[in-house]
Amino acid sequence: MKALIAALLLITLQYSCAVSPTDCSAVEPEAEKALDLINKRRRDGYLFQLLRIADAHLDRVENTTVYYLVLDVQESDCSVLSRKYWNDCEPPDSRRPSEIVIGQCKVIATRHSHESQDLRVIDFNCTTSSVSSALANTKDSPVLIDFFEDTERYRKQANKALEKYKEENDDFASFRVDRIERVARVRGGEGTGYFVDFSVRNCPRHHFPRHPNVFGFCRADLFYDVEALDLESPKNLVINCEVFDPQEHENINGVPPHLGHPFHWGGHERSSTTKPPFKPHGSRDHHHPHKPHEHGPPPPPDERDHSHGPPLPQGPPPLLPMSCSSCQHATFGTNGAQRHSHNNNSSDLHPHKHHSHEQHPHGHHPHAHHPHEHDTHRQHPHGHHPHGHHPHGHHPHGHHPHGHHPHCHDFQDYGPCDPPPHNQGHCCHGHGPPPGHLRRRGPGKGPRPFHCRQIGSVYRLPPLRKGEVLPLPEANFPSFPLPHHKHPLKPDNQPFPQSVSESCPGKFKSGFPQVSMFFTHTFPK
């Protein structure tokens, strides 16, 4: 009996210590693939590019390897709607100001075999922040650049720009502005320029619940006199738009998802090349290589919508709203389809509440002073040293701070065309931002319901100043079942590691080495 007890204790000890640090350079292929899957999962914002693997641990459970990764990232200028591979994003147009936004993501991924193509992302949690103001050096510069946090204030400018584009491109007649992603202002010389990036979506005049989803992305440049106060009438307006074909991002296996299981465009092994933007005969060439929802039963294969508007490719089948209590814990992987566990226990479900990425009104002044648009009541991460947070950003009891919810990413969400029904349940629950960082919702960026537990969250924090470090994302991930795992003495997944691997962090890949100062670990050991 004593021998049996000793054996059981040894087995338990073995599994309790199974999560082990690993070399950051050794897991680089998995980290790159995981970041690609995360980008393809996201609905809003810009593609993350990998700067560095900050930490890496792994756990081997029978034939499955679980990766616990901490990735330092930087936003590119490519919209996530492009579905590009993050390393294929071209450098930004030097004529337009490009905001420098850094971030850190904690990621849990699994691989059942030794093939990297089998990698699945189980969950992720990211924090991002702009460092443009902190890096600005305009002591002798005649040009001042501001990056605004409250982008919703410039929706009128986006609408005006899109209207001009519609006048010259009939195929864009039914498109509307969706989200205002970035707004920059350049002052100096002979005038003032506003540079507005925004996503658009197709909104036909008549409601067709089976209408395919089509999204696009536009960049508008509006120029005014130096002291112009009226932003309604720019002296010059230039806009470039491109549309992304959802058919290119369907299940690459060609197998339609089961009805009732949320299907998402993300999870492809590789991003397909986007088709050229709509360019009707006689229209001007409005594009250059940018870096950058409706619900119902699936339509029959031969069904098409003949409403007014651009000819739309057939996209992923929209879905009927479904009860969260019937959802399964879903993951997404490189086979192009969303994966589901076979555990239907409602306790494994994590209802989320869907919120957009929005911030207080805030502009980044080159001298780190607040322009008139600033909201002085917003909380800042100033003075928060990484060691002042819980290890790896872990919140004590897994609750989020009051008043803040994550942005859950789902292509099957509602946009400006389709306000959610009043009886539509909200099913969003996330991991929470770093403690002490609350953010108020802005106008026009309300909750977007979706069908089921969402994978992954991205939190936009206030801009960093010189000497500050990016707060770490939380790591209170919910439990998930490992595939093909039947061992009764080992939990499904381990808590996210609190220690740092001795073989980490890796080296920075960025062309901006100065951003390294904003991360916890600046130099490799």
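Backbone N, Cα and C define each Cβ position, glycine as well.
Given the structure is predicted, the values throughout are model-derived calculations rather than measurements.
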Cysteine of Cys17, Cys24 paired with Cys504 via disulfide, per Swiss-Prot: Cys24
Cys203, Cys241 - which one Swiss-Prot pairs with Cys218 by disulfide: Cys241
Disulfide-bonded cysteine for Cys105 as listed in Swiss-Prot, from Cys89, Cys126: Cys126
Entry from the glycosylation sites list Asn63, Asn125 having the most other CB atoms no farther than 10 A: Asn125
The domain 'Cystatin 1' (19-136), counted residue by residue under DSSP: helix, strand, coil: 31 helix, 56 strand, 31 coil
Asn125 (N-linked glycosylation site) versus Asn63 (N-linked glycosylation site) - Cα distance in angstrom: 26
